[in-house]
């Protein structure tokens with residue numbers, strides 16, 4: 001495999017990853033085990049047509065020699081992809097890219113002698129398709145799911161470059177949570193992801209089974225959903241929440257926004273100050289606004305529990321999509337700035353804890 005890749009000027013890691021990547025019936029999407037089976041008859045119809053095409057290719061002529069040894073797993077893998085198009089974890093753009101590559105390989109094997117130029121082109125084509133799949137660094141603003149469905153968004157793919165940075169940097173680039181990205185790519189090195197590997201960016205999700213009004217936060221999946229009034233849309237934000245244990249847990253509640261403040265000060269509670277003191281850090285009674293304030297530049301106060309819980313920004317480069325706070329809900333600065341401009345006092349806030357989300361009247365495979 002490595003010899004073939006080097007001969008044809010492609011990245012061996014990319015080639016191996018391309019051959020090994022398999023569609024999955026379900027995916028761990030963040031801390032929530034996200035399970036669903038989507039019935040898309042049109043995709044099934046198209047996939048059956050593609051599958052027949054794959055079978056006909058395999059019957060056309062026997063695959064012998066080095067070219068055949070390479071093409072055989074490609075055709076088998078394509079057939080798996082084609083017959084599995086109805087799984088929502090597959091990106092149509094990636095299927096299109098793979099279909100293009102496989103068909104062209106087959107034609108060149110039959111009619112052409114010079115495959116070197118093609119492999120270089122195919123490598124660039126595939127990588128560009130992956131990189132161009134939507135690295136915006138912004139929250140997902142999506143049209144709400146069609147009537148009777150809660151599935152929104154589309155997973156993307158990212159090719160790790162030689163200087164691609166840590167997994168946290170990639171999570172920030174696509175604005176997804178750290179744990180969600182880590183669990184969508186089991187086995188990946190969180191500090192130095194292997195160059196050439198293809199990461200799944202978990203942007204597809206099921207809307208929580210809760211009224212689509214105001215702010216809905218699902219603690220279990222570390223996501224915030226905002227439903228703008230009068231619009232059939234939803235914006236999805238990754239969040240950081242309270243640590244496990246003691247008084248740092250983020251509680252479930254149904255409440256409203258009581259106040260919001262730009263450039264807030266931070267008044268740590270006695271318990272928070274005691275915790276920091278045990279770590280050798282002496283907190284002042286009030287932390288002024290500025291770069292040392294862990295609340296960032298915007299804060300939205302919730303009415304419940306005497307107003308001690310807030311949605312706020314952060315001055316740290318990590319912690320989004322993790323259990324790291326003292327109970328408040330933490331967002332990236334750009335996200336809290338946008339949310340701050342959209343909500344008003346009185347906006348409904350529903351904080352739930354739903355570890356398993358599934359479509360109604362459907363049985364999901366156990367994992």
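Here the Cβ of each residue, glycine as well, is placed from N, Cα and C on the backbone.
Among the features that TrEMBL reports, transmembrane segment is placed at 93-111.
Annotation comment: TrEMBL describes 156-201 as domain 'LysM'.
Taken from TrEMBL, the feature domain 'L,D-TPase catalytic' covers 213-352.
If you look up TrEMBL, you'll see 312 marked as active site, proton donor/acceptor. Annotation for residue 312 (active site, proton donor/acceptor): same-chain Cβ neighbours under 8 Å, separated by at least 6 residues, are 264, 295, 296, 298, 299, 300, 328, 329, 330, 331, 336. DSSP classifies residue 312 (active site, proton donor/acceptor) as strand under the three-state reduction.
Counting every protein chain shown, the Cβ of residue 328 (active site, nucleophile) has 23 other Cβ atoms within 10 Å. Look at TrEMBL and you will find 328 tagged as active site, nucleophile.
The residues of the domain 'LysM' (156-201), classed with DSSP into helix (H, G, I), strand (E, B) and coil, number 15 helix, 8 strand, 23 coil.
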